[in-house]
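The annotation transmembrane segment is assigned in TrEMBL to 20-45, 132-155, 175-195, 216-244, 250-275, 282-305, 325-343, 364-390, 410-433, 531-555, 567-584, 591-610 (among others). The annotation region 'Disordered' is assigned in TrEMBL to 491-524.
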Amino acid sequence: MSTSSSSSSTSSGASPLQPLDIAVIVIYFILVIIVGLHSSLWSYIKRVYRWLQSKFKSNQQQIPQHLKEHDPYGDVAMQPIPSKDSLYDVATSISGSSTALDQNNSEGVVVSVENKEDNTKQEEEKKSSKDFFLANGNIGAIAIACSLFASNIGAEHIIGLSSSGASIGLAVGMAELYSPVWILVLGWLFIPFYLKTKVYTLPEFIEKRFDRTSRMYLSLLSLVMYVMTKISVSIYAGVVVFQVLLGWNIWVSAAAVVVATGIYTVLGGLSAVIYTEVLQTGVLVIGALLVYAQGMVQVGGYSHLKEQLPDSMLHLFQPPWHHDFPVTGVFLGMSWTSMWYWCTDQSIVQRALAAKDLANAIRGCILAAFLKFLPFFLMVIPGMIARVLIPQVEKDPNVAYILLIDKLVPVGVKGLIIAAILAALMSSLASIFHSSSTLFTMDLYRVVREYFDRKKLAENVKLNAESNIEVIEEKNEPRIEEEIEIQLDETKPSASVSDLGELDPMNDSPSTPREAAEDSTSELPNRNTEYVIVGKIAGAVVTVVGLGFIPVVQVLSKQLYIYTHKVMGYLAAPIAVIFLMGILSKTPNHYGSLFTLILGNTIGLSRLFLEAMFNSNAFDIYKLPDWSRTLVQIFIRSNFLHFSACMALLSIICLFLISYITGSSTPEKTENLTLNYSQLWKSAREFYNQQTSFKETIKNHFDHVLNVALSVILIGLLCVMYIVFG
């Protein structure tokens with residue numbers, strides 16, 4: 001798809017925005033910014049209050065002079081200890097707000113200081129942390145369902161799904177109608193497991209179940225997937241909007257999206273995400289209903305729509321040789337990408353864990369699964385309508401939804417829908433920038449930086465110990481060994497000298513970041529300002545790299561939705577296998593997990609790179625020998641869902657083979673982290689029989705029966721959809 005042709009076609013296809021539409025867009029963004037500034041101002045006031053409170057307490061607790069004179073770490077040993085609030089502020093300072101991922105990462109380096117004077121503060125921090133993470137565990141099922149749906153459906157999803165509907169028809173809807181199955185799996189299998197084991201995130205599970213090396217590798221891989229999917233796709237979706245409405249060049253449009261997102265973030269847009277997410281989703285859904293209704297009227301109903309489209313676009317189930325969504329690929333390959341997205345992604349899981357109790361969490365997942373029927377009708381079918389009403393959509397399907405809005409929606413309402421699309425795009429992009437920069441800073445850079453800090457601290461402790469030995473020998477003091485031990489006790493941070501000398505950033509002992517912090521962070525320098533600077537630089541670099549991936553998006557597929565699923569199909573299967581098999585079996589160990597991740601992602605990235613080279617004509621496959629040309633064609637031209645299924649099978653074999661050769665996991669790596677099949681039924685009953693009163697017991701059983709009934713109804717409705725549209 002050439003830039004010039006796309007630009008010319010889109011600019012000529014849309015009518016210019018009317019003054020009323022422009023006014024509505026401006027008013028909408030002003031309201032969003034006001035909400036963001038309000039939340040940012042309140043957050044700033046609370047941070048100032050915490051700072052003043054800490055200053056008041058620090059003045060009451062001055063460091064004794066003899067401790068200041070004895071400094072085992074040069075000029076930085078007596079700097080303030082990084083606290084929970086300060087590290088939380090680092091995460092929030094990177095982009096002005098925070099996400100669940102950032103708080104989880106910053107918690108990993110919290111130093112637990114237990115004394116009587118701080119008990120009240122710690123209780124307040126624990127309460128506020130729970131309120132921030134899980135909304136104090138107070139969310140009902142309906143709110144959980146709306147939050148899950150809103151986190152999944154964004155502007156890029158609307159543009160991408162409608163473009164695929166215009167290009168290939170109902171088959172793309174199979175991806176949406178298969179998601180409810182995995183949302184049910186999240187509610188019935190994974191959520192009880194997370195609550196039982198207190199494992200809330202994928203990186204945390206990987207570190208506890210395997211080792212820290214696997215976690216760091218997975219964090220790096222997550223950063224790569226952010227760039228390839230979320231950042232590049234979000235920017236490109238904004239490019240489509242600017243191209244259609246204003247006829248701008250692709251790179252001018254991309255720059256406009258990034259600059260507008262920066263302004264939006266600086267003025268409080270990122271803080272406003274939580275408050276405006278439901279509003280924007282509501283506007284998008286209502287607008288989509290209006291577009292769907294108007295489109296059906298224009299084409300004369302669904303029966304007339306079917307008459308104007310080829311038969312291949314009118315079926316959910318496509319033959320195994322279908323180019324995009326063969327039925328075999330959907331059930332064998334998409335299972336792994338859907339599991340990765342719905343059951344192991346923190347942004348999804350966190351919303352379900354905010355429920356009042358397990359019954360509400362499960363019911364929230366079930367209701368969210370019901371909501372996933374909406375995209376099929378509100379996005380896929382409107383894309384098919386656009387193909388009938390707007391001929392140029394067939395050449396450039398990504399513009400289908402914007403042109404349909406331009407054609408069917410009245411003035412004023414069109415401005416409101418476009419404003420909601422742009423605001424959703426920018427808030428999503430701002431959150432992605434923040435999450436990616438914090439992921440790099442807190443999960444990668446900080447780990448390496450603290451490793452060198454601990455190494456320097458260990459060297460200073462050894463030097464002090466040696467100097468103390470010399471002094472004792474000169475004085476010819478008796479019981480030298482006891483004196484040395486006393487001196488070492490005064491100078492060591494929280495571990496022995498030998499322990500500090502053997503610290504390794506990839507070592508899984510201590511097994512968790514919190515344990516590592518408790519061992520040796522108490523003497524580490526406060527590098528909060530450095531982390532903020534690194535985070536901002538990382539965010540800028542990730543943005544530039546994301547811009548550089550826009551041509552890759554165009555080369556791999558003309559449809560945003562297909563591109564996203566391709567990247568997930570190439571990279572997600574090994575991650576899903578590691579997670580699922582780590583739960584189901586005690587055999588996989590850290591050698592098998594790391595080798596499986598590296599092998600699987602190397603193959604997946606190779607497929608992505610070769611396919612991009614082949615599609616851009618930068619790689620002439622016909623110059624290869626016959627035998628190698630055949631293998632390369634099979635490798636890069638096979639369906640991406642079939643490729644995902646093969647990668648899952650290879651990952652399972654590799655994981656168990658390497659683990660069997662190197663030995664199964666140790667008991668401490670499997671206890672409470674794998675399913676105990678002998679007590680599975682007993683554990684399930686315990687979740688629903690925790691209360692003792694008769695009234696609460698009856699309520700729990702009623703909730704359980706209601707959830708089972710809703711799940712059965714959902715599965716039945718899915719079967720009806722498969723039969724009617726299959």
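Counting begins at 1 with the first residue displayed.
A Cβ is built for glycine as well, from the same backbone N, Cα and C atoms used for every other residue.
Two recorded stretches are said to be in contact when at least 3 C-beta pairs lie under 8 angstroms, sequence spacing 6 or more; the transmembrane segment (410-433) and the transmembrane segment (282-305) meet this definition. Non-local neighbours of the transmembrane segment (282-305) in the same chain are 153, 155, 158, 374, 377-379, 381-382, 384-386, 388-389, 401, 404-405, 408-409, 413, 416-417, 420-421, 424; each lies 6+ residues outside the stretch with a CB under 8 Å from one of its CB atoms. The largest share of C-beta pairs under 8 angstroms with the transmembrane segment (216-244) comes from 531-555, of the ranges 175-195, 325-343, 531-555, 567-584, 591-610.
Counting same-chain residues at least six beyond the ends of the transmembrane segment (567-584), those with a Cβ under 8 angstroms from any Cβ of the stretch are 193, 202, 205-206, 209-210, 214, 218, 221, 224-225, 228-229, 333-334, 336-337, 339-341, 343-344, 556, 593, 596-597, 599-601, 604-605, 607-608, 640-641, 643-645, 647-648, 651-652, 655-656, 673-675.
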